[in-house]
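Colleague: The structure under discussion is supplied below as structure tokens; questions concerning it will follow.
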Ligand SMILES: Nc1ncnc2c1ncn2[C@@H]1O[C@H](COP(=O)(O)OP(=O)(O)OP(=O)(O)O)[C@@H](O)[C@H]1O
Ligand SMILES: [Mg+2]
């Protein structure tokens, strides 16, 4: 399957990040092109999640440049990343536990809603219109991910697999340009994994969303990603198409050296 | 009519997002309003209006304010009473110092003053959470009361800081009877409670809850923590401030800074714990419970045991019941009486066919 990719959406150049003495990322460079599914793989503790945290401003790398949509960005806070169209899900589910599925997803859309406190107090006219308008959009996401029946359920009561799906829904509600997924299929059974794969591919196809995906399941990674970055102990040891990566001796060594 | 959701299909998102989506709740709410606005002022005694219903409403409003901050936005505060004090003293000074100041405008300004002070004392919440934040709001509690005592300007140089509320006059009508004061309080509290309900079911409230439930995730979806927390402090203090103004003007008539002490702050906290953290209804249930329990105990003790009791027995019993209930709710039902009510309704929705 050969697909045409657009220009570089985000370009990471010589990123280094450390926590005290621990070097989480050392001199990492790679780019992500428009409309591709870019996987990041590597053994536990390789620095994959840290990489996503650097991309959306949760962590600030000590060294390196990040060019997003042609603009180099300086110290970036997570909310700024969100306002520039970067959404994500978390390795450990980070839903709003006390809220329903619907409210979680609606919250994911807040950046597109403009009414302020006073109009919310009245909940009349403009505020009500806005709420309904965005509810429609959210319902589209709900239909897309096939979670209609759990709309009004508090997320805390849902099984793990569905929570992961709701988290994806919350990220999609923001209509992101770049979607970061941290192990979206971890802990799922085969059927749930298949569903999730299908959703990720559909998001990529139908909305043209660029996706950066961390995943441990090699089968899945090789199936759905266009290009793969391999990290090990915070260093990049491979980068290329799934086939290229599969036959890279360093990658094979890293994976044989650990229990995968 | 049975309490049922079945058969009430929502044909539009507008219907689904109504303030009371179930018809019986809607009817019930209107009936409740009619009861408290029309029937109660006619049948209730002056004592009940003045000494029970009016304070229940005022404490409900203060509890609502704390609930917005603690229950919805997840920021613990022990300074509610101090923000009430700001509302009361600010309203007093606006009435005193500006000629022809309309009462409702003075209350609004009083609430806004409390909101401003609330933002100031909310600043530590940007750095600290939970227990440590509670300690920081404790500082607000003591500092504000100290300032009001220390600078006699706030109480217009009266002795020991006592202020006497000016007469309430709205559009030429003097609110000087228990009935009229009760109705005025009820009106203000109803309007603010509906506004709170509207806030918590819109983006504003969802942002508060997002910050409460998972602040990292909230930030990553673009919520600005600082702004959201300070907004919650402002709105919460506004509600407490208005409650404080009503406390002075429609309930007590004269207040002093020391009246808004830590004990009062704790009482408001107990109201939301017993009534329901994160529930508008719970704020009312909790306030009603805490005001009514002593009254109720008094009646029971007097009619059953008579005068044989040692002095102070009633108030000790009261404290024991409070303590027990608070422990019960904290451990068994952290969402308080409001949650019990909701569970009851869910049972009722299925009754008489529970399967
Ligand atoms: N906030 C932090 N503080 C200190 N050390 C951290 C922090 N975040 C990550 N690290 C360290 O950085 C290294 C990389 O962690 P990271 O979570 O990025 O790995 P990962 O590849 O996502 O692993 P996994 O597959 O287990 O999720 C680890 O040694 C980890 O202990
Ligand atoms: Mg990880």
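Cβ coordinates are placed from backbone N, Cα and C, and glycine is handled just like the others.
Below are the features I grabbed from TrEMBL:
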type	residues	note
TRANSMEM	B:27-44	transmembrane segment
TRANSMEM	B:50-69	transmembrane segment
TRANSMEM	B:76-95	transmembrane segment
TRANSMEM	B:101-123	transmembrane segment
TRANSMEM	B:130-149	transmembrane segment
TRANSMEM	B:182-200	transmembrane segment
TRANSMEM	B:232-252	transmembrane segment
TRANSMEM	B:264-282	transmembrane segment
TRANSMEM	B:289-309	transmembrane segment
TRANSMEM	B:321-341	transmembrane segment
Colleague: Hey, does the transmembrane segment (B:50-69) touch the transmembrane segment (B:182-200), meaning at least 3 C-beta pairs closer than 8 angstroms, sequence gap 6 or more?
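Modeller: Judged by the Cβ rule, the two regions touch, with the required three close pairs present.
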Colleague: Does the transmembrane segment (B:130-149) come close to the transmembrane segment (B:50-69), meaning at least 3 CB pairs under 8 Å for residues 6 or more apart?
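Modeller: As far as Cβ distances go (cut-off 8 Å, pairs 6 or more apart), the transmembrane segment (B:50-69) and the transmembrane segment (B:130-149) do not touch.
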Colleague: Under 8 Å, at least 3 Cβ pairs, sequence separation 6 or more: does that hold for the transmembrane segment (B:130-149) versus the transmembrane segment (B:232-252)?
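Modeller: Since fewer than 3 Cβ pairs under 8 Å link them, the transmembrane segment (B:130-149) and the transmembrane segment (B:232-252) do not come into contact.
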Colleague: Would you kindly list the residues that approach the transmembrane segment (B:264-282) from elsewhere in its chain, counting only those six or more residues past its ends and only Cβ-Cβ distances under 8 Å?
Modeller: 59-60, 62-64, 66-67, 70-72, 78-82, 84, 141, 193, 196-197, 200, 209, 289-290, 322, 325-326, 329-330, 334-339, 341
Colleague: Taking residues 6+ outside the transmembrane segment (B:321-341), which of them lie with a CB under 8 Å of any CB in it?
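Modeller: Counting only partners 6 or more residues beyond its ends, the transmembrane segment (B:321-341) has Cβ contacts under 8 Å with 270, 272-279, 281-282, 285-286, 289-290, 293, 297.
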